[in-house]
Amino acid sequence: MTNQIPPSLAENQSKLKQSFVGLQMLFVAFGALVLVPLITGLDSNTALLTAGVGTLLFQFCTGKQVPIFLASSFAFIAPIQYGVQTWGIATTMGGLAFTGLVYFALSTLVKLRGAEALQRFFPPVVVGPVIIIIGMGLAPIAVDMSLGKNSAYAYNDAVLVSMVTLLTTLSVAVFAKGLMKLIPIMFGITAGYILCLFLGLINFQPVIDAPWFSLPKLTTPEFNLEAILYMLPIAIAPAVEHVGGIMAISSVTGKDFLKKPGLHRTLLGDGIATAAASLVGGPPNTTYAEVTGAVMLTRNFNPNIMTWAAVWAIAISFCGKVGAFLSTIPTIVMGGIMMLVFGSIAVVGMSTLIRGKVDVTEARNLCIISVVMTFGIGNMFVDVGNVSLKGISLCAIVAIILNLVLPKAKNEVE
C-alpha cells in the first residue's frame, strides 16, 4: 500500500480545472450509473441525484480522504425487480433503506475486532457463490430483453440491435486504450442507439416535451417486514466487495485507506449513502471500479475531484431532458449491454473463489458452493410464517450458516 506513486496531477490544479476533471470522472461512471435505473424502472435523474449526494455523504464520513465515486449497484438489480413486482416501488425502497444496517453492523465489527473479523464470517467460499448467483440470476432477463420479449420490437430488429450493442461493447472493452477502455458501456449504448435511429425505433417526443429544469422523481418509502428481511442479506456481498474497492484505490494512490480513515469509516459511509439513496427512491450505491481505473490513468488522486463529480451529478439530475432522453433508449439496447455486464458479475464471483484459493475438491467447500448454487439457480424458497426467503437473500443466509456450522479441514484450522 505504500508503493512509490507519482504525485497527483490534481494537487495544484485550479478549481475550474478540477471541476472539468470531475465531469470526466462522472462521464466514466455514467453508463453504468444510469443502466441500473433503466433496467429496474427507477428514475434515472433520481439515480444521478443519489449518486452525487451519496458520494458527498461518503466523503463526510471519511474526512474527504478517499478519491472514490459511489453510484448505482448492479447487485440489487434482481432484488429491486422482484420487490417492485411483489410490493411496489415504495415498499421496495423501504426494504433497501434497511440494507444500510448491514454496512453499519460490519463497520462496527471492523471497528471492534479489526478487518480480519470479516474473513471469519464472510470468507471467499461464502461471498463467491453468492456473487455468481447474482449474475446468473440476471442472465434470463438479459436474454429476454435482447430478444425483444414483452416489447413491441420485431425479433429480427431486436437481435440485430442487441448483438451490435454487445459486439461494440466487447470490442471497446478488449481493444480500446486509455480512458476509452473504461467506458465500453457508453460506446455500446451509443452504437445500439444510432442503429435504432436508422431502424426508426426511437421516439423523440418525450425529449421534446420534457422541460429543461425539473425535480427528480422522489419516492416516499413504505416499510414492510417481509421486504426488509428479503433485502437485508443481499447487502452482504456488495458490502464485502467494498473492501476490494478500497484496497484497489489504496493500491492506486499509494495510501492505505484501510487504516486511515479506516475500513470501518468507509463501510459506514457506503452504508449511509445506500440508505439515503433508498429513502428517496434511488438505487443503492457502491464504489465504482471504472472511476478507480480513471484515477489510475489520469493520476488525479485529489478527493476534490470526486466532490466535483458529485456536484455535476446532482446538477445534471435536475435537467428534465436528460432523464427524458435516457428513457428513449430501447430495451433491446439495454439487453445487449446486460448480457456482458451480468456475465461479468458471475465472473467476479468466480475470481473471488480463485483469489481466495478456495479448494473446491475439499468436501466442506464443495458442499457450501453446491448448495448455494443449486438454491439460487433452482429458485429455492423457504416460507417462515408470513415471510418468504428466496433468491439471493436465501443463498446468502445459507452460505453464512453452512460456513459457521460445517467443520473446517485440519489444514484450514488456525
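In case you wondered, yes, glycine gets a Cβ from its N, Cα and C as well.
Note that the structure is predicted; figures quoted are calculated from it, not measured.
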Identify whether T40 and L326 belong to the same side of the membrane as annotated by Swiss-Prot.
yes
For the transmembrane segment (43-62), which partner among 156-171, 179-199, 282-298, 302-319 gives the most CB pairs under 8 Å?
302-319
Cβ-Cβ under 8 Å with the transmembrane segment (302-319): same-chain residues at least 6 beyond its ends:
8, 10-11, 13, 18-19, 21-23, 25-26, 29, 33, 45-46, 48-49, 51-53, 55-56, 59, 64-69, 71, 212-216, 291, 295
Among E241, E290, the one of these binding-site residues whose Cβ has the fewest neighbouring Cβ atoms within 10 Å:
E241
Are there residues at least 6 beyond the ends of the transmembrane segment (333-354) whose Cβ is under 8 Å from a Cβ of it, and what are they?
32, 35, 38-39, 74-75, 124-125, 127-136, 138-139, 141-148, 158, 161-166, 169-170, 173, 185, 188-189, 192-193, 196, 241, 360, 369
As a test: from 125-146, 156-171, 179-199, 225-248, pick the stretch that has the greatest number of Cβ pairs under 8 Å with the transmembrane segment (92-112).
225-248
Under an 8 Å Cβ to Cβ limit, what residues of the same chain, 6 or more beyond the ends of the transmembrane segment (15-38), are close to it?
44, 46-48, 51, 69, 71-74, 76-77, 179, 182-186, 188-189, 282-283, 288, 290-291, 293-295, 298, 300, 302, 304-313, 316, 326-327, 329, 334, 337-338, 341
